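Quick look at what TrEMBL annotates:
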COMPBIAS  88-106  compositional bias 'Basic and acidic residues'
DOMAIN    28-62  domain 'A20-type'
DOMAIN    107-153  domain 'AN1-type'
REGION    88-108  region 'Disordered'
Amino acid sequence: SIAIDHRFAQEMAQESWKEAEDTGVHAPEAPIMCINNCGFFGNRMTENMCSKCYRDTVKAKSMALLVENKTAAAVASSPTPMVAEIKDEASASAKEGKRVAEEEAPKPPSNRCLSCRKKVGLTGFKCRCGDTFCSMHRYADAHDCKFDYKQAGREQIAQQNPVVKADKVTRF
């Protein structure tokens, strides 16, 4: 009876193996190493690379395409004789920008009210003039704000509602 049970188990295992072959699902023979030799295992879905190497190559390809598209657009839009002049101007403005950046060190964000020097932390209010204020001094009239809200409002309205002017009518 034990021999029959053992034989029955072998037949069942063979049948289940045949069913697995029929479905096309197979266990991999051996793990695939990454083609960049980084020491991790690769995957067929990621061109035999590990996830990190694949992500890096995809990022590099996308950056190369982006740079290629930008250079193609720049070459198509700019005239060729002025390229030298543009490069000279760009290098001069870059040097000036570096000087200005060196002179103006970026100051850390203030966590105190500019008017009363009270610590505001995360509850501080950032004004359009660029300073941080407490709840008492957050309004423009409370801290003598230098930002011109009226002019900003006029510019915003003018930008959102452009004036349509008709051509002058010629009379006969």
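For all residues, glycine too, the Cβ spot is worked out from N, Cα and C.
When DSSP labels each residue, the domain 'AN1-type' (107-153) comes out as 8 helix, 6 strand, 33 coil, counted as helix, strand and coil in that order. In the predicted model, residues of the domain 'A20-type' (28-62) average a pLDDT of 86.
Remark: secondary structure over the domain 'A20-type' (28-62) totals 15 helix, 4 strand, 16 coil, with classes taken from DSSP.
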